[in-house]
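According to Swiss-Prot, the compositional bias 'Basic and acidic residues' annotation covers 284-293. Residues or ranges marked as compositional bias 'Acidic residues' in Swiss-Prot: 294-304. For 17-88, the entry in Swiss-Prot reads domain 'S1 motif'. According to Swiss-Prot, the feature phosphoserine maps to Ser52, Ser292, Ser294. Taken from Swiss-Prot, the feature region 'Disordered' applies to 283-304.
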Amino acid sequence: MSTSHCRFYENKYPEIDDIVMVNVQQIAEMGAYVKLLEYDNIEGMILLSELSRRRIRSIQKLIRVGKNDVAVVLRVDKEKGYIDLSKRRVSSEDIIKCEEKYQKSKTVHSILRYCAEKFQIPLEELYKTIAWPLSRKFGHAYEAFKLSIIDETVWEGIEPPSKDVLDELKNYISKRLTPQAVKIRADVEVSCFSYEGIDAIKDALKSAEDMSTEQMQVKVKLVAAPLYVLTTQALDKQKGIEQLESAIEKITEVITKYGGVCNITMPPKAVTATEDAELQALLESKELDNRSDSEDDEDESDDE
């Protein structure tokens, strides 16, 4: 038995009305021959009449060889191994759900295959003893794998081929599925020309940093007055964005009391490693400029 090939799910064949991910192999007069990627590449066919609800002018525009597509199962002949599928009966919601499920299943497959190849165990054995029992219990093995990082009880009742296999699996799951923090950034211009202007700005920015929680620290850095950068890191991107939105609201509330203003020049958003590196370089450059200006002022006072 193979250490790298196995269907993703316990059923050898999909059921009628199941939404499946396929890869187009060949286009013929009758329709398109496809492989069902989640079922160890068993063959299926999308009949020409099931490609589109509209009149077909060019098959190539509807379906292309080598491309992955989402289809719904119409008929299954388990004895002959025939599977008829439809593309035209698939809704946009079906596509989203299928793609999400397929990505989760691919991740589980990749993790199990790693262990199968390392210990030279048939991949199907790992599915039978680990993934499929977890799927029955948790809906999908992917959800069980993620939960297992913080809850060891997930493995109760699971009988792996050996303790070494389970230990390696746990270790690899932790490496692959532990969430990585996302950096969130926003840019604001804060100004106040009243008598208490400088103190007002300090109070407003401090109020933003006071919005920090144990999980998400809000930091404020000066770029060049009146421009300031707010940053935080969060495991959940949306929560991080909401955290900075609340911090900006607090800045606006405080600075307004002093007669100042806060303008958002870049709303909160997740930033890439490249964007973050560019920001750090800019902040370091400004810091060097400030030091240089300070040293020049000291030299001038010494000359006097």
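Cβ atoms here come from the backbone N, Cα and C positions, even for glycine.
Summarised by DSSP class, the composition of the domain 'S1 motif' (17-88) is 10 helix, 36 strand, 26 coil. When averaged over the domain 'S1 motif' (17-88), pLDDT in the model lands at 88. Sequence-distant contacts of Ser52 (phosphoserine), defined by Cβ-Cβ distance under 8 angstroms and a gap of at least six in the same chain, are Leu62, Lys87, Arg88.
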